[in-house]
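Over in TrEMBL, the protein carries these features:
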COMPBIAS  909-918  compositional bias 'Low complexity'
DOMAIN    325-605  domain 'ABC transmembrane type-1'
DOMAIN    637-861  domain 'ABC transporter'
DOMAIN    979-1263  domain 'ABC transmembrane type-1'
DOMAIN    1299-1533  domain 'ABC transporter'
REGION    255-278  region 'Disordered'
REGION    908-933  region 'Disordered'
TRANSMEM  31-52  transmembrane segment
TRANSMEM  129-150  transmembrane segment
TRANSMEM  162-184  transmembrane segment
TRANSMEM  317-338  transmembrane segment
TRANSMEM  358-382  transmembrane segment
TRANSMEM  437-456  transmembrane segment
TRANSMEM  462-482  transmembrane segment
TRANSMEM  545-568  transmembrane segment
TRANSMEM  588-608  transmembrane segment
TRANSMEM  969-993  transmembrane segment
TRANSMEM  1023-1043  transmembrane segment
TRANSMEM  1096-1115  transmembrane segment
Amino acid sequence: MLEKFCNSTFWNSSFLDSPEADLPLCFEQTVLVWIPLGFLWLLAPWQLLHVYRSKIKRSPITKLYLAKQVLVGFLLILAAIELALVLTEDSGQATVPAIRYTNPSLYLGTWLLVLLIQHSRRWCIQKDSWFLSLFWILSVLCGVFQFQTLIRTLLKDSNSNLAYSCLFFICYALQILILILSAFSEKDASSNNPSFTASFLSSITFSWYDSIILKGYKQPLTLEDIWDVNEEMKTKTLVSAFEKHMVGELQKARKELQRRQRRKSQGNTGDGLHGLNKNQSQSQDILVLEEVKKKKKKSGTTENFPKSWLVKALFKTFYVILLKSFFLKLVHDLLMFLNPQLLKLLISFANTQDMYVWTGYLYSVLFFVVALVQSLCLQGYFQMCFMLGMIVRTTIMASVYKKALTLSNQARKQYTVGETVNLMSVDAQKLMDVTSYLHLLWSNVLQITLSVYFLWAELGPSVLAGVGVMILLIPVNGILASKSRAVQVKNMKNKDKRLKIMNEILSGMKILKYFAWEPSFKNQVHALRKKELKNLLTFGQMQSLMVFLLYLTPVLVSVITFSVYTLVDSNNILDAEKAFTSITLFNILRFPLSMFPLVISSILQASVSRDRLEKYLGGDDLDTSAIRRDCNFDKAVQFSEASFTWDQDSEATIQDVNLDIMPGQLVAVVGTVGSGKSSLMSAMLGEMENVHGHITIKGTIAYVPQQSWIQNGTIKDNILFGSEFNEKRYQQILEACALLQDLEVLPGGDLAEIGEKGINLSGGQKQRISLARATYQNSDIYILDDPLSAVDAHVGKHIFNKVLGPNGLLKGKTRLLVTHSVHFLPQVDEIVVLEHGTILEKGSYSSLLAKKGSFAKILKTFTKQTGPEEEATVNEDTEEDDDCGLMPSVEEIPEDVASLTTKRENSLHRTLSRSSRSNSRHQKSLRNSLKTRNVNTLKEEEETVKGQKLIKKEFIETGKVKFSIYLKYLGAIGWYSIFFIILAYVINSVAYIGSNLWLSAWTNDSKTYNGTNYPASQRDLRVGVYGALGLVQGAFVLIANLWSAHGSTHASNILHRQLLSSILRAPMSFFDTTPTGRIVNRFAGDISTVDDTLPLSLRSWILCFLGIISTLVMICTATPIFIVIIIPLGIIYVSVQIFYVATSRQLKRLDSVTRSPIYSHFSETVSGLSVIHAFEHQQRFLQHNEMQIDTNQKCVLSWIVSNRWLAIRLELIGNLIVFFSSLMMVIYKDNLSGNTVGFVLSNALNITQTLNWLVRMTSEIETNIVAVERINEYIKVENEAPWVTDKRPPPGWPSKGEIQFNNYQVRYRPELDLVLRGITCDIRSMEKIGVVGRTGAGKSSLTNGLFRILEAAGGQIIIDGVDIASIGLHDLREKLTIIPQDPILFSGTLRMNLDPFNNHSDEEIWKALELAHLKSFVSGLQLGLSHEVTEAGDNLSVGQRQLLCLARALLRKSKILIMDEATAAVDLETDRLIQTTIQKEFSHCTTITIAHRLHTIMDSDKIMVLDNGKIVEYSSPQELLRKSGPFYLMAKEAGIESVDSTSF
């Protein structure tokens, strides 16, 4: 049929059976033309429809577009010309075959279609269509055959069909041009990200990424250089897509859960229905859920959360990517098995003399093409898998964040902040890792089946022996893996313990320094670390065994298979084809077998994470149905029969409260500790579980919590809290909240950065900022939970008058104020007295006093206890009385008070007794300066004020890791070890080459002995030597691995010791400017990298490197000319590597730098949930989180692409090596035998993977060595003075306890001003000194100076004739005792907290406890002195902690005692106990007390008044009260008239 169609032979095999083979012209003109055309016509309609559906606005015409259209236009013209020619030729005789008409006509139609398609792509972002590119490639490939046939015919007979041939040649050239043009990408105005606009060829080879790689090579990349991810991968899009499916799946899962529940409860029905009578309107499933909750408590099972919905929801969201990657992986796996078959053909080609040379060349080209397609498929598959992983991680992270904002209290209680952050970091990561393994589940099975099938074809049943060995080794590997898993788990526990101690050491650093306790804690850490390293070594040894088995497997398998094959039957002779094809197949088989355990373990880990995530994401949401919002309500807040509880199972905390609050009222809530004041506030915010009743609220709420929640950012950000900036209001609020002076002192004013959790602010400042934030929000209702607890009395007064009180900024708003300060109560509209969560009485101040009920009682006890200090303000009858007596006139209060209270480290040397007039003038000027500063902020952003940035930006190393760091690590392993390790690896490589050469010689036997007379001795020799070489390989790998496990453990030990001792010797200023998290990270992340990942990477690197060298050596021994090819390929390889590593390293760094803010923002959110809920700022926080995740996503995505970019290029080099070595085999066919061919090619085929792996390892080592670099950075931290010096103080020093200050000056950090500006005074033996002064006058700096926490900037301190700067720190600190301001305890026993070095007997400790009034408490504990104290002493009350610190001091028995206002957090009773104990027990000591309350020091011998770092007054209290100096004013303000008036 086709013969008639083109009037010539269509197919005849004789065409191919000649040295100059060719295809028949008819075949080339029909089949080879129609294949590409058919492809195009089939796909075009679908493609056009797709464009039509998803079109965007049309983009302008570019040169590239024009060029393509013009070239296709030429093709159209050529087709028309050809058709015209045919028609003119055909003059009636039927000589012209039909094909000459049909083809040009087909082409006419096709080129028109192409024009249309190219035009339609103007409406797409990606201008180049993938299937057009494929069409051009197919067309050019199929045209090659006709091209060479026509040239041959023209050479034979110059004028046969000349016109037709010329037309074809021009046509073909144009097609090649268009193909080249379609490789270029067209830019698109709407998107600057080249990945969207990349052409098909550019996107499968990732060439669009070149620009970033180049940029990254020239200079380190920054976040701005990296392109954003596209819209459909933005967090927001992903989460909304996921949530659609999640909601459906969750509902199904919940129903399933109820079914399970019912099945369980068939037995015990009817016991879960009490307590459901609260509002019956609730829907059925809530009731069922209620029932479920009750059951949960009964049965105590953990099964009670909706299960197995997460994976389904994720699959439904992302199934498209999964299917695409499935297809690519399938193609790749099938092509993999073409290689051994092609190898077999090439070997037989080399062995048979009479085959045509062109077959050899064909095989080589096929080799290359197969490898190329394989590479492209594999990289596309990886790209999709990693993208999927990243998208899944993003989705999970964002969903967890979103869930955290709505989770109910009951559910939230089950998680600590750390655990929730773990869900986001660890579990999301686990799911991300498993996605890259998912396809391996089926792909491994497929690969194993196919390999065994092809091996059977080669060697018959003897294959089973080899495969049997492989299968036998799987359980052995499995056992080892599970053993090492167990070791890992054990080690995680040790690591957790070690980190817990580290955390405590870092947070209690100051105490360790005061008491000179560092060595004790150092030993504790070392003891844990020792256990950890022991486990590490075990782990390393197991890993070595596993690697040894993996390494042995292919060798053993080939030895056993070949031996069995030759021994089973004397006719079986191993020839080259069989041996090398089998080896290639065994190499393929090795990968899936070694991957299986990995896949399984990663799936198991992910399933644990899945359960945890399902439990969290399926948890109940906050139920705020009991809080009703009503805008047209006449009351501001109304509680109707409201009962609320924190936990459904315990009884209600708030019971049957009925309370109406009118708009604009100021209502005070009072009651004893634990009476439910804060719970009442939380109930209004909807934080509690409703039992019955409801609360109606009119308007918006602002909330000031008891524990202020401060975000990491500037002060200004914290106050604005997302609202827009209003200059006038902002200044007003700063002034009212007494923040102006603080801002003056803080470097950078309101742009000063606040550390995490407000670490660098005092409690009072935090609370005032929190108040300012609420005030700025301009809401209708203000819920203020004890906002005045952390501020001094006078600041409290100022704030009350300026903000909260009847004339404050908030007048006219509804205010609920929880307070302990009784003296503000006369000014409030209504007082509510709470007791045990119920309202005892409510009414105005006077009516409640008259009632003589519980309120009057509270008042009475209060006035009794506080004495005159507060009495004046409680018993006042009229406001005026108060004014003339104790305080300056009301107008002047704020100025005066603010200037007295707040920090005074500013450089203006002001004295306290300055008149208020000049003061108010000064304040004006500060306010104006703040104003002007806010206007100029833009200019000033560049020049930050010195010290404004507290927390130094974490140092991101850029550029290459210095070589010295590698040397440091290798030196830590030990140079001897390194030499022997490398030697062992080299011997292993030599054995490897040897065994390959031996195999090649063995297969040569098949030619000499033709199967009939193969001597047994020869056979045994071959098998024996081959086996022995295999064993040598394994043995030396084992030796090298064991040795390196030993060496790397040694290195870990050394680095950790150096790091620990360096951190413990760092000065206090280092801890003030470095967040704890960053230091802990060195001990956690970086140390664990050095422990686990770095040694593995180094080992793999050496193995890969030597593997590649040995392969190249083998190829060159066979065909020396190959060196010529290796050199250029090597140069390309190294340059690609250099380009890539620079970029990849920086991307990895950016990834970790952008990742940590996500987690810290998350933990910040979790701890501030009540505030976010109250202000209703959930949306803003969600957006912020999405933005941060997107920033991190773009770094991760870029990193993934950079890996693919590299892999494609390296695989190309590997494929070229295979191609050229196979070409050499064909060209030098005459000098080579088949076994050499097999031997060279089977190794060359292996090289692609190894090359890839080598670069991966190089970059991994680069990334991991950064850990050593970061550890080293902290090992080099400058240390404080030595702990013990040659000059020891005399024994028994200080015997008298005399202290002299000579012009003593000190500053906190070199760039800041002096805090103490020249203190000179003498303190005699046994004197009791009180130190007073406003906040920030330098009181605490005095103690820090005595302990040399701060080194002197000038002057000296002499104790008993010894200058303290001349002796070691521990000698000094062990002789002083301090009772610090915040009582810090460490986790461990009580005994360890009192006496970490075991210097004292139990009797002494009990004696100290008795004196500290703790004996009854401790003896009442089950374990007595070995009672475990939890982290930071959380299981003791603050008072008990304070008393323990007192007991600590009593044990020291030193001559000098320093008390830093130890009574701040203690109730008055304990306070008295402490005071009397101190007076009695420390009577023989020199005591320095730093007081915040004057009455604690009125019985001192002398009082030192500090202001602005100078001593203003220094004399006995009687003297000071006589003359009207600063002390007299302070005393008067505190209501102290004479020394005796402070009696308790």
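These residue numbers are counts, starting from 1, taken along the chain as shown.
Quick reminder: no glycine exception, Cβ is built from N, Cα and C everywhere.
Using the rule of three or more Cβ pairs under 8 Å, pairs at least 6 apart in sequence, the transmembrane segment (588-608) is not in contact with the transmembrane segment (1023-1043).
Stretch with the most C-beta contacts under 8 angstroms to the transmembrane segment (437-456), considering only 162-184, 317-338, 462-482, 969-993, 1096-1115: 317-338. Below 8 angstroms of C-beta separation, residues 238, 241-242, 245, 370, 373-374, 377-378, 380-381, 384-385, 387-388, 391-392, 395, 438-439, 443, 446-447, 450-451, 454, 588 of the same chain, each at least six residues beyond the ends of the transmembrane segment (317-338), sit close to that stretch. Beyond the ends of the transmembrane segment (1096-1115), by six or more residues, the same chain brings 543, 547, 981-982, 985-986, 988-990, 992-993, 996-997, 1037, 1040-1041, 1044, 1048, 1122, 1126, 1217, 1221, 1239-1240, 1243-1244, 1246-1247, 1250-1251, 1253-1254, 1257-1258, 1260-1261, 1264 to within a C-beta distance below 8 angstroms of the stretch. Within the chain carrying the transmembrane segment (462-482), a Cβ under 8 angstroms from the stretch's Cβ atoms is held by residues 452, 455-456, 542, 545-546, 549-550, 553, 556-558, 560-561, 564-565, 568, 572, 586, 589, 593, 596-597, 601, all 6 or more beyond its ends.
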